[in-house]
Amino acid sequence: MNRHLSSRSTRPEGLGLARRAASARAHPHTSEQLLEVKDMFGMVFRQKIGSSGLQLVSERNEINLMWDEQHYAPETQETFQINTMWLPLVFFIGTVFATSGNGPKKPICEVIQVDSANNSDMLLPLAIITDMDSKSKDTNNWYSTIRYGALAFSHNRTSSFIHWLGGINITSNMNFKQRSMEMSDLKIFRNRLLSVDDKLGLVYWLRNGTAVPWVIASTGDGSTATPFKGEWMTIRNDNLYLGSSGHEVVTATGEYINDDEMYIKVISPTGAMSTEDWTARFVKLRRAVGIHFPGFMIHEAVHWSDIHKKWFFLPRYASKLPFDATNVYETGSNMLLSTSDCFCDTKVVHIGKQEQTRGFSAFQFIPGTKDEIIVALKTSEVPADPAKPFENHIFSTWITIFKIDGTVILEDQALDDGVKYEGIEFANVFQCL
């Protein structure tokens, strides 16, 4: 088991969930785990695993709930009580993921799709990936950890919690100056689960526990040997957009060097890559909130919405003051910016209370919500000793859910202490890896 993982579940207070018993010794989707959970909840539910999924029968009200593998939601439209139904549903999701049965098999690593007209409770497979910076080095190689679980959402989309099931290490021996596997995002593209290493400029296909190189990108216009600092990925017009931090490259004290990190890459399904200069767009975006160079806005979480026909940005850091590497960790942003292609109509929404050391590192629109609801990661990298700002950073990560109008559904929920997650995707890891 990865030393970074814990068995904690994250959830909002007040849902009244039954307390989870000690973790099973077996892997979450083994029959031994199934028997333990059956014993735990036998007084409340009868369980049946079949080729079509998981059936839970409530002895309290005789309502049958069938796990629908195609849409990841209960088939019944009847409402069930969140305080007794959520936990067993989530706990069994590992078994459901691993069940092959005799039914039709799905394509490898499919995009999770939910009908927006679905008004029932939802249960969605979720995966996040680590960027541990220099701590990604193991004895003989480098690794990043994918943590997987499930996001549960009530039928009225006002209550939600997340339960984690386990983790898988992805390894590689490729490196740049002894740095590697510092993954910044996760994205399903053409039935492959992809991630990007922000130190190597490599887009990887994650497969069978390893990172398979697919596309390599160099910084700026592509004419130098410096690796592209990939921070975010999104899909538009069947192409993969790979972006960087969206601000000027500067010295540790904020002195201008170049605009290389304001370029993006557009990658076709076959891996053909082109470069676009987004300098003017990023400048317009930060001007919408009154930031002008040497002030800065740093991006790690960007998506295009086909539904809204807009770009959405959740900046990691933002400040009207010049960049200073010794205290940039105190400039965390709580802004959501959205704009059409012209970058001339930017709308700004503030999400919850601003925490100086927390900034957004990744997000996804939740399937079936018409791109109205977002699940996002926030991270912090605080020096253990402020007098030594470049040494021994303490990593922390939170996960949160909110509407694009700023309404918070799930307040920041802390993940593993000392772990920095910077990529998130609705992905069934048992199909994708």
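One-based numbering along the chain as shown.
Note that Cβ sites are derived from N, Cα and C of the backbone, with glycine treated the same way.
Predicted automatically and left uncurated, TrEMBL annotations should be read as such.
Features of the protein shown, as given by TrEMBL:
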| type | residues | note |
| --- | --- | --- |
| BINDING | Ser184, Asp185, Glu231, Glu300, Ser361, Glu422 | Ca(2+) binding site |
| REGION | 1-29 | region 'Disordered' |
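Location within the structure of each feature annotated in TrEMBL.
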residue : record              : Cβ within 10 Å
Ser184  : Ca(2+) binding site : 26
Asp185  : Ca(2+) binding site : 29
Glu231  : Ca(2+) binding site : 26
Glu300  : Ca(2+) binding site : 29
Ser361  : Ca(2+) binding site : 28
Glu422  : Ca(2+) binding site : 29
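Listed in sequence order, the residues Asp131, Asp198, Trp232, Ala301, Arg316, Ala362, Gly423 complete the 8 Å Cβ shell around the Ca(2+) site centroid, once Ser184, Asp185, Glu231, Glu300, Ser361, Glu422 themselves are left out.
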